Amino acid sequence: MLNKSFAMYVYVQQFHRDMPPTPVFVYGQSLQTATFPGPTIVARYNVPLYVTWENHLPDAHILPWDPTVPTAIPKNGGVPTVVHLHGAAQAPDSDGHAFAWFTRDFAENGSTWTQKTYTYPNVQPAAGNIWYHDHALGLTRASLLAGLLAAYIVEWPELEMPFNLPSGEFDLHLVIADRKFNVDGTIFMDTVGAVPSVHPQWQPEYFGEVITVNGKAWPFQAVQRRRYRLRILNASNARYLNIRFSNGLPFTVIASDATYLSRPVTVSNLLLSPAEIFDVIVDFSLVVNPNATDIELLNSAPYPFPTGTPANATLDGKVMAFNVSAKWQVGDDMPMQEPENSTVVPEIGVPFAKVTALPPTMKTRYIVLYENMTSNDPNTAKTMNLYINGLRLEDPPTETPISGTTELWHVINLTPDNHPLHLHLAEFQAVQMLQLVDPDTFKSCMLKHNDTFACNLDQHAVGALQPVPEEEKTWKNVVKIPPAYVTSVVVAFRLVHNNMPYPFDATAAPGYVYHCHILDHEDNAMIRPLTLLP
């Protein structure tokens, strides 16, 4: 049993040597050690961690926020906050519920707040790549943009040691997030909304032209000519990343989000939605140039994804650079001895990663993603809000699965954007992506009736099948939902690696939520309650 205390502070951080220092919100065990991103917490499988979260934030937020979207607003000032361990299985009272917020010194708290110390059982399967971040109602986009996010690893030595993966200095976290800055170094966030008569400040997506990695703008990382493990997290508010190396160096994907694949998959590029993690092996010994050389990690995803503005080759099209050491030559000093398999990827994998069959009695649900626009003209229409099944977070729960069961959700995207769907507690994976035929007619009917059967979904869900990428065929905590598609996902309300029930009461109050992880969408109001039943 381990006990830790972490707090949130306001601090100043240098994102680039040519920029003024930037005020940020940070996590840390003290102000002196706090950073953006926050400290990476390393836990052990099946060893509980007890964390007391403290709020030492100032009286006012450092970024603008919009009180016209559902928001935690304390009566006596202060910045509300609550921590969600994203991708973990924990009891509802430790999940970071949106209404479980609290202000500095616990002076005020939300309606579902009950305790200062959270219990993290650490029972989800390896590879254990998860992260923690703020989750206060209506403030996720502002508070994560301000800096309240960090990586969390659950190690499982008995499972992972035979894989002989790169470790220590050869195991790197890359926490990627886009930002926009004012000339004085402060983070820029719009103060005027897309439809100010409805929401004075809220914008449907935040995009910054500066790409930061581990708190630095366009950084450099020195690497040797050997294998590295890169745990890549897209911690951007809304930006998708389609990353590749400038010299074509491949990624060997071993895990996606918290779970290993059934076998490694080698790809030339990776598409990461916000909140998505890929765990990859990169072999820098494959770099052809024998001299010390730089290779760039590039991004080509348009924003919003998939049909928005192309990435700028000199700004958001660049992520970082890797400084690859010179190749060892006869007569040079002998390099550090490397393990014999340093350029070999083992055939690691876990047998429970892929869904192989769907039980015929599986409960089926239909989840519909809506975008409420100012008009029907695609050239002038502005987004006012977004909903799931036409409902708000405050509306009664309609997704009430039985704890320990598995369900099939058909997620129908009637918006022009790709949405990263995130479920708290549960793990899930896409098994089919089916294109809608004549989606405008179906959407028009759904906006009137909000009923998939009355609108003849079976006559529209007959288009092309898009294959689920091999690197995403495992149990995930974020699944990409493309526009004008029905994406079918298998959702497990149990521990997938051993088929056991949760070691806590997942049916307790205040329950869980599921939502789009484009933070601006989540805040207004693409989020719904998820209540498990006994």
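Each Cβ is built from the backbone N, Cα and C atoms, and glycine gets one as well.
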Can you match one of H199, H410, H419 to the Cu cation 4 site that Swiss-Prot gives for C516, H521, M526? H419
Which of H56, H515 shares the Cu cation 3 site with H135, H424 per Swiss-Prot? H515
Given that Swiss-Prot lists H86, H517 as binding Cu cation 2, which residue among H16, H133, H449, H460 does it place in the same site? H133
DSSP composition of the domain 'Plastocyanin-like' (219-291), residue counts helix/strand/coil, works out to 3 helix, 42 strand, 28 coil
Candidate nearest H424 (Cu cation 3 binding site) in space, where candidates are the recorded positions N323, N372, H517, H521, M526 and distance is Cα-Cα: H517
Cα nearest N372 (N-linked glycosylation site) among recorded positions (H135, N291, N323, H517) -> H517
On the 0 to 100 pLDDT scale, where does the domain 'Plastocyanin-like' (219-291) sit on average? 97
Hey, for the Cu cation 4 site built from H419, C516, H521, M526, who else sits with CB inside 8 A of the CB center? L369, L386, I388, D417, P420, L421, H515, H517, I518, E522, I527
Pick out which of the glycosylation sites N109, N312, N323, N372, N450 has the most other Cβ atoms within 10 Å of its own Cβ. N109
